[in-house]
């Protein structure tokens, strides 16, 4: 079976390394490549994928929303998130999914077992935030709180959440067990500070969905304060495992995938 990840740029993607490690571990001769598709060529997506004879593919920035009009069916989770990161090609039909939310939550559950009783604050109200919030809302008992700079961003949400400003989030920071940053602040090349951690409780788990850099500025600051931190590496691995399950109906080897990514990040 042939798979790929599409994006622009795409040379930095660790998806091929991760998926190939999984294939090797499971004794599969499947292939996985990275395809750079510029925005101006995206209208040729059906032709490009058809020529590659793919059975499924992942989508990353900047095409997660752009792919939707080309799909025959979109899964509920992807509709809720407003973005697609996984496509299954079956009987000539393109089916879109979003595994980012479930990927993040599965990873978070492994480090925070009592997740269903946690008071959670999500920073940012974009597609990543929405996907994670919808997944958490399925079983977390306390109402989720989502903070954003502008309240207008919540107009596309139909989830029962507490909607607050970032200024209010700073004030009430001590009330949360878990704080999750879903904004680009702290990504490689972006040193913007999203929130002041002055009122962060020492017992709060500080999380970021980014894994490059391995510790974003907000995670470094929380760690200096003595808090436990959790980055986006597991989200990346688990979303990949969920994609593999959608394509093949098989369980992925999580350990081999994570090891391959860690080795790559360490430059081994």
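Yeah, the Cβs are placed from backbone N, Cα and C, and that goes for glycine too.
Note that the structure is a prediction, hence the values are computed from the model and not measured.
Sequence annotations record features per position, and here Swiss-Prot assigns active site, proton acceptor to 64 based on sequence analysis. Classification of residue 64 (active site, proton acceptor) by DSSP places it in coil, neither helical nor stranded. Its own atom aside, the Cβ of residue 64 (active site, proton acceptor) has 22 Cβ atoms within 10 angstroms in the protein chains shown.
In the three-state DSSP classification, residue 211 (shikimate binding site) falls within coil. What Swiss-Prot records for 13, 14, 15, 60, 85, 100, 211 is shikimate binding site, and it gives sequence analysis as the kind of evidence.
Residues or ranges marked as NADP(+) binding site by Swiss-Prot on the basis of sequence analysis: 76, 124, 125, 126, 127, 128, 148, 149, 150, 151, 152, 153, 209, 232. The Cβ of residue 127 (NADP(+) binding site) has 64, 65, 81, 82, 83 as same-chain neighbours under 8 Å, each 6 or more residues away in sequence.
Considering only the binding-site residues 13, 14, 100, the residue whose Cα is spatially closest to the Cα of residue 209 (NADP(+) binding site) is 100.
Within the set of binding-site residues (14, 125), the lowest number of other Cβ atoms found within 10 Å of a Cβ is recorded at 14. Neighbour list (residue 100 (shikimate binding site), Cβ cut-off 8 Å, at least 6 residues apart, same chain): 81, 83, 85, 128, 131, 132, 235, 239.
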